[in-house]
Each structure stands twice: as structure tokens, then as C-alpha cells.
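According to TrEMBL, the protein carries these features:
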- A:192-362: domain 'ABC transmembrane type-1' (DOMAIN)
- A:37-53: transmembrane segment (TRANSMEM)
- A:58-76: transmembrane segment (TRANSMEM)
- A:88-108: transmembrane segment (TRANSMEM)
- A:120-141: transmembrane segment (TRANSMEM)
- A:177-197: transmembrane segment (TRANSMEM)
- A:209-234: transmembrane segment (TRANSMEM)
- A:240-261: transmembrane segment (TRANSMEM)
- A:303-325: transmembrane segment (TRANSMEM)
- A:337-358: transmembrane segment (TRANSMEM)
């Protein structure tokens, strides 16, 4: 039986809550009134007390979870619809709740999961809480300090905009991601890959193409977007062309490096079998190049998204993520801009994640993946 | 017909620091069924000689035939198996797929590949490890798998370049014993490069002592040990006498330097 053990986050949270008590009210005007203020202080105090008590890890984590999140929920509610109503006590209690969430994450991080599902759940929950608190602090500061909407809308307004504009967002994603990005990505990566093989096979290609490719890669590729619009028209084809140009070179260079990555001994071994060029390529050099090729695929997944969105700034039909961003910012609808950015971030993460999963399956043998 | 016949063989590498005489005037004949060890300090050309036999390096002087053919023809006829210093297994292939690699390249039918995998893995005592990946095995097991890979196709000549150099003494003794049994059972001709005098004397029917700068043969010792060799033969006077002669040969090569 150990006595009370107050963590530094808990202690500091308690001090801040006490200071807040002296600086009430939380907001001017206060939407919730004294009863809500009392509830917030009670929740925070309870969480600190349970965390300090000799209770089980799960009990402490549950108390911290409820205390930090219910507390901050009530706190935000107390602001009401008036922006810039927050007073000193608001920020003190906000930091106090945030410290409790911090404490929660460190309690969770110290748990040794007994089962595999528990381990996976923990690995997801911790970054999720982290992300949630970035949004919470963003929301609280923007609304509490009354930051103008056009400068930075609160996440709740962006979420509401996403919820209200699902058909538009879906049409934009379809136009930009499923047409321009995917088609351009497949063509650009495929062409880069084949060019690397050709450069490996034929000396004149290696001598001629690679130096020219090096120069092309130094061009500000986004500058060719207007030219692509003239060549391929306003629709997604011109954006796909920009993506092709952007993704071609990283794939060419990485595949080239990958083909050179197999060891001398392994190549000598293939030679002792009197193996031909293509047999050596398929059985040794391409498998050995896979980590490099996946590197290019991952780099290109983000490049393709950037390329397609920015290319739409230069002329497009009235649909597409880049089109929406450039027109809505002109109309001061920044919540729509942020909504598109959020959707693009989500799409980019999914794209990257799928390729990373594929990489794990294909290069399972590489020390960086099997670990050791 | 001799398996390997070298006459006046020389190889000079042209480097930025001037020519390096890796081999000079090497005359050597290796008969079928012999176990020949090449021993000498680093830079004496023993590995280079093995690589010339394998057509991985081209000689600049003299002539060499392998199975009566030029090294290039012998390589293209898949006339030898080569075991390198490191196992060199492909990490994306299981042990059985690694052993199957030369068979796939040489176009063996599927059924026969399966039979040969089973047979050669049995030969090197790796039964039960077919589905493992190389990085799941110990260094000694990896090297045995690489020997199985070199045995999988029907080459009568086995070239081994310090195959056990990176392994500890105990594993090495064990593998030496197994290699002798394997040589006895398969009746192959083996060329074996090593740094170790006891290993060379224990394994070989013929020991080629080499010395550096330029790489040349200083002594060829025909072993008088019986074909049946338990590990404790290494304490017999006969064994020690051969080892002493090898050591003398190595010392003679070294006095050239300093």
C-alpha cells in the first residue's frame, strides 16, 4: 500500500485550478453560470485525486479520461456563441485539463499490454488522443480569443462544413484523386520504372537519359502546368500529365539506385549459373531493388497529390480540390478551403498507408521491416 | 582427363597504383575426385585462382582448362558449383527456394526440382528447415544451405572460397567432418580455399601452398592420410608432419617480404 502519489502534471493541474478559482468567472458573459464552473472544478479535482490515489492503472486512466475531456467539453460550452469571451480562468482551466490529458497519455504509455489486441488498441489510442488535443487547443484558443474567422476557423466549423458539403467534396475527390492523381501516378511511376530498366539495359540510354533526366528534375515542374493545360485541355488529363512529370523522375532515380543495390557476390553467383540478363534481373536485381522502388512509390504518393491540386489552379472545369481551394479562398469561404485541406490530408494518408502496407508485404525480408 | 589444368597461368590487375601481380606462372593439375586445398596469406592469389577457374576473372597469361574446356565454356555448361565466403542466400526466398534458384535458372522441370531440393537438403542435414527464411537460421546453417545450393545441380566440380571462414571453431569442425562425408558420398572434385592449416591438412588429398607478391605456388603436398578421417586424426604424428611442412612452405613464402 503506497500513499498518495501526485504526478507533476497532476500537481500543476491542481495549482492552476486553484488559481482559476481566484480569477472566476471563466467567461464574460458566462453561458453556463456558476453551476457549470463548479462542475468543471469538481471533475478536474476528482481526476487529480483518483490519479494520486493507490488505484489500479485502468481506474486512474478512466478517471483522467473523463476528467480531462468532460472538463474541457464543459469549458468550451461555457463560452457560448460569443467569440473572445474567455477570461484568465478559462486558459488556466484549459491548461489544467490539457495536463490531465498529458498525464493520461503517459499513464497509457506505461501500460504493458497483455494481449496483441490490447497492444494494437494502445498503439491507436495514444496518437488519437494526441491528435484530439491538438484540435481541442485549436478550438479553445480560436474561440476563446476571438480570432477572426478568415484567419483561422475553429475545427468545429470546419467539421460542420465538411458535414454539409459531402456531395461537393465527393465530386472534388473523384475528379482530383480518382482521375488526375491515380492515372498520373500509375503512368508516371510505370514510365519511370521502365525507363530505369531501359537505362540499365542499354548503355546509350544510361549515358543519354540520366543526365537529361537530372536536368529536368531541377526544373520547377509546377511551372509546366499551364503548358499541360494548353496541350491536354482543361479536364483532368492535363493534371494527370503534371503528375506524370512529377512522379517520373523520383521513380527513375530510385529504381536505378535499386538495380545497383544487389551485392557483387550475389551477381557473381548468378554468373556462375550462367544466368542471362533477364533471369538475373527478375530473380535477383528487382527483388533487391524493391525497398528503393517502394521508397519512390511513397515519395510519389505525396508528390502526386500536390501536383494535381496545384495544377488545378491554372485552369480546370468547375470541379476538383484545387479548383475549390482557389475559388473559395477568393470568396472568403475559408472553412471550405480548410475542409478541402482536411480531405486532402485524409486521402493522402490513406494513399500513403496503402502503399506502406503493400511495402510490408513485399519487402518483409528487409532488415528495416523484419527488425534486426 | 584432368578436371583443372593450368600452365604458366598469370593474372595482372591494372590499378591506379600500378600493376598488381595477383598470379604469376601457376602450374597445377587437379585430377577427378581430388580434394585440393589452397592455403596462403591474404593476397597470395588463392581466391583469384579459384575465380579464374570459375571464369569470374580472366587470366592475362598462360592457359587453363576446366573439364577440358575453357573456363567460359565450362561455366556456360554449368560445369561447377561455387560456394562463397558468405552464404549469399537471397533473403526473400525460403531455404528451399534458395536451393531451387540454380535449378530454376537452368530450367529443370518442377517435379525434379522438388526431388533435388529434398535430396540436397538431406545431404547437408537441413531437413525440416525448408520453409524457413535465411535470416531465421544460424550462420552455420546458412552456409550449409549455400553448399546445398551448389550441390543441387549436377556439377562434378565444387569450388569453395573460405566457406567456413566466418564461423566459430566448433561449428567449423562439425562442418569439416560433414564436408568430408559429403565428398566421400558424392565423389566430386573439390577446390577449397582456406586460411587454416589444420583445416587444409584435415580435409585435403592435395595441399597447394601459395605466397604473395606475386601470387605463386610454393609447394604442392600430396597427403598421406587415409581417406577415413575421424576428427582426432589431427593429433596423429602423420598429421602433424604434414602440418609442419605446410607451415614451412608458408614461412618460406613470407621471408620473401621482410
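Glycine too: its Cβ is placed from the backbone N, Cα and C atoms.
All annotation found in TrEMBL is predicted automatically rather than curated by experts.
Note that this is a predicted model, so its numbers are computed, not measured.
Most Cβ pairs under 8 A with the transmembrane segment (A:209-234) among the ranges A:58-76, A:120-141, A:177-197, A:240-261, A:337-358 are made by A:240-261. Counting same-chain residues at least six beyond the ends of the transmembrane segment (A:337-358), those with a Cβ under 8 angstroms from any Cβ of the stretch are 153, 158, 161-162, 165, 169, 172-173, 177, 181, 294, 297-298, 301-302, 305, 309, 321, 324-325, 328-329. Highest Cβ pair count under 8 Å relative to the transmembrane segment (A:303-325), across stretches A:37-53, A:58-76, A:120-141, A:177-197: A:177-197.
Remote same-chain partners of the transmembrane segment (A:177-197), defined as residues 6 or more beyond its termini with a Cβ less than 8 Å from a stretch Cβ, comprise 205, 209, 213, 236, 239-253, 255-256, 259, 281, 293, 296-297, 300-301, 304-305, 307-308, 311-312, 320-321, 347, 351.
Contact check: the transmembrane segment (A:120-141) against the transmembrane segment (A:58-76) gives at least three Cβ pairs closer than 8 Å, residues 6 or more apart, which meets the contact criterion.
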